[in-house]
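Beneath this line is the structure, given in structure tokens, with notes to follow.
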Amino acid sequence: MHTPTLTSTPTTATSVVDDTAPAASGKKVYIRTFGCQMNEYDSDKMSDVMAAAEGYTPTDDPEQADLILFNTCSVREKAQEKVFSDLGRVKHLKARGVLIGVGGCVASQEGAAIIERAPYVDVVFGPQTLHRLPQMLAQRARQGRPQVDISFPEIEKFDHLPPAKVDGAAAFVSIMEGCSKYCSYCVVPYTRGEEFSRPFDEVLTEVAGLADQGVKEVTLLGQNVNAYRGRMGDTSDIADFATLLEYVHEIPGIERIRYTTSHPNEFTPALIEAYARLPKLVNHLHLPVQHGSDRILSGMKRGYTVLEYKSTIRKLRAIRPDISLSTDFIVGFPGETDDDHARTMKLIDDIGFDASFSFIFSPRPGTPAAALHDDTSYEVKLARLQQLQATIEDNVRRISERRVGTVQRVLVEGPSRRDPNELMGRTECNRIVNFDGGPNAARLVGRMIDIRITLAYPHSLRGEPVLRD
């Protein structure tokens, strides 16, 4: 069995934090994140890079910032246009010398065109070049002109990122970049490049380092996370995703493992079997299906049928009967008929999804689907979306109500968003639970505790701590 080298993790983390990190410069960075959890991870890394290189500290107020970064998403046109709207709102801050940068997938897709549209932007960088941000800003100062770097140096950025700084008991770990599926509607392969997996030992070292700092839950990230194929040490051996999960499962201190986003075509028998052997693997899965019609799935170039998707779910439920399932849907793909939509609604009834991210089809420039003839009115698409979302909401309500009276294991994350005097945490099945932590509330943050569910709301639960003997 392969034995990864993990012993250097505590020393490395300590030396960076205690010895080499620059003193706070007084400068502040504001980062606005759009889109997926991969972007959230990248935003954290931007903050880490600027803290390590220049001593920047984060701020939630752009008016107080010396550097403003927009980490963008190009999956839908609305998200892309919002970036330029937000850029316009901070333009006035240039008068006092604030630096502005645009990163992420819009940056990768548009490149120098962003400077043409918003000439007050100082740097434009892609998902694979965020580690070069300090150098780009320095070059901007030396040359007196905006800098653009949207190249794809594969996985180079991970070799130049400082060790992760922990904020809470849960953390993201990116295990791969890019996508090689080339679905007809999707820009990700063009903005993040082809699939490239981080080395196996490197991922395990990062997770072990997080565990040493008190992290109890890790979410493994990738555009197609279950397509992971990482090189094992100095050998020619390759670890698949199921193997990686096994090794992460054995890291002391890690109590929960999540991952996103997975692809149905990469749901191997070994991955399904992992749900029987790995209790730390949470009882929740996000598995995008996108549509319930085989004809539309073919047009999307998803590579599977509805029956194949349902077969995967059936095998999973044979192992974990109460597994919580969420998914993605695209409504109004070119050529979608009433019958196609009805098939999607039937799939929702058949599976019983806990939640979904659903949107009207947004043609993205440069993708094959953008050239398809689309004769369905926006009003029809909107009505279909509303029907789909209402059905999912009914499912969510019923499933939440069934949890009333049960005891759920909850990782306490911090103050409740509903009431800062209370606490909130997350169940294995990814439900938020709000509760009164009592006089010892501060000591509960970061801990796993049992909560008896007393009330069900549309998108959260309420409960009370259960005292153990």
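Cβ atoms are placed via backbone N, Cα and C, with glycine included.
Note that the coordinates shown come from a computational prediction; the quantities given were computed from them, not determined experimentally.
What Swiss-Prot records for 27-142 is domain 'MTTase N-terminal', and it gives sequence analysis as the kind of evidence. Under DSSP, the residues of the domain 'MTTase N-terminal' (27-142) split into helix, strand and coil as follows: 66 helix, 22 strand, 28 coil.
Positions annotated as [4Fe-4S] cluster 1 binding site by Swiss-Prot: C36, C73, C105.
The annotation domain 'Radical SAM core' is assigned in Swiss-Prot to 165-398.
What Swiss-Prot records for C179, C183, C186 is [4Fe-4S] cluster 2 binding site. The secondary structure of C183 ([4Fe-4S] cluster 2 binding site), as reduced to three states from DSSP, is coil rather than helix or strand. If you draw a 10 Å sphere around the CB of C183 ([4Fe-4S] cluster 2 binding site), it holds 22 other CB atoms from the protein chains shown.
According to Swiss-Prot, the domain 'TRAM' annotation covers 401-467. Counting residues of the domain 'TRAM' (401-467) by DSSP class, helix then strand then coil, yields 9 helix, 32 strand, 26 coil.
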Inter-residue Cα distance where the pair is C105 ([4Fe-4S] cluster 1 binding site) and C186 ([4Fe-4S] cluster 2 binding site), in Å: 12
Integer Å distance between the CA atoms belonging to C73 ([4Fe-4S] cluster 1 binding site) and C179 ([4Fe-4S] cluster 2 binding site): 15
Alpha-carbon spacing, C105 ([4Fe-4S] cluster 1 binding site) to C183 ([4Fe-4S] cluster 2 binding site), which is rounded to whole Å: 16
Fewest other Cβ within 10 angstroms of its own Cβ, chosen from the binding-site residues C105, C186: C186
Rounded Cα separation (Å) that holds between C183 ([4Fe-4S] cluster 2 binding site) and C73 ([4Fe-4S] cluster 1 binding site): 17
Listed in sequence order, residues not in C179, C183, C186 with Cβ within 8 Å of the centre of the [4Fe-4S] cluster 2 site Cβ atoms: K181, Y182, Y185, V187, V188, P189, Q223
